[in-house]
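Notes follow the structure.
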Amino acid sequence: MAVQRTFSIIKPDATERNLTGAINAVIEKAGLRIVGQRRIQMTRAQAERFYSVHSARPFFGELVDFMISGPVVVQVLEAEDAITKYREVMGATNPADAADGTIRKLFAKSIGENSVHGSDSAENAALEIAQFFSEADLTN
């Protein structure tokens, strides 16, 4: 399998509790390299664009409000089979269902405040990365 990139967001529920370093440690221990990272305050327009796939869902407004409620850390991760690897490291969306040792089991507050986002496909990873990073922002 070739080296692949995926996109990650450390969400406001985690940044407000100063968990970025602890989450990064789990990411790196799993063999994922952080090749791009920045802490930002997402705007409403950015959050609405990022989560536009959910715009017709009843939770869309709450999701956008949550994502702009505090700083987030956007990241590009790299490894062989990075998308699958990171999704395994994140754990199930609902932390109650997440496996022991996963980011969501360790740090998430609830299904809504579940600490991290990760791309679900190579196509979405490319689109999500491009929303926040240029190739010049990333290291090898």
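From the backbone N, Cα and C atoms, a Cβ is placed for every residue, glycine too.
Annotation comment: Swiss-Prot describes Lys11, Phe59, Arg87, Thr93, Arg104, Asn114 as ATP binding site. Cβ neighbour count for Thr93 (ATP binding site): 13 (other Cβ atoms within 10 Å of its Cβ, all protein chains included). Reduced to three states, the DSSP call for Thr93 (ATP binding site) is coil.
Per Swiss-Prot, the feature active site, pros-phosphohistidine intermediate maps to His117. Cβ-based neighbour count (10 Å, all protein chains) for His117 (active site, pros-phosphohistidine intermediate) stands at 20. In the three-state DSSP scheme, His117 (active site, pros-phosphohistidine intermediate) is classed as strand.
For the pair formed by Thr93 (ATP binding site) and His117 (active site, pros-phosphohistidine intermediate), distance between Cα atoms is given as 9 Å, rounded to the nearest Å. When the binding-site residues Arg87, Arg104 are compared by the number of other CB atoms within 10 angstroms of each CB, Arg87 has the fewest.
A helical conformation is recorded for Arg87 (ATP binding site) in the three-state DSSP classification.
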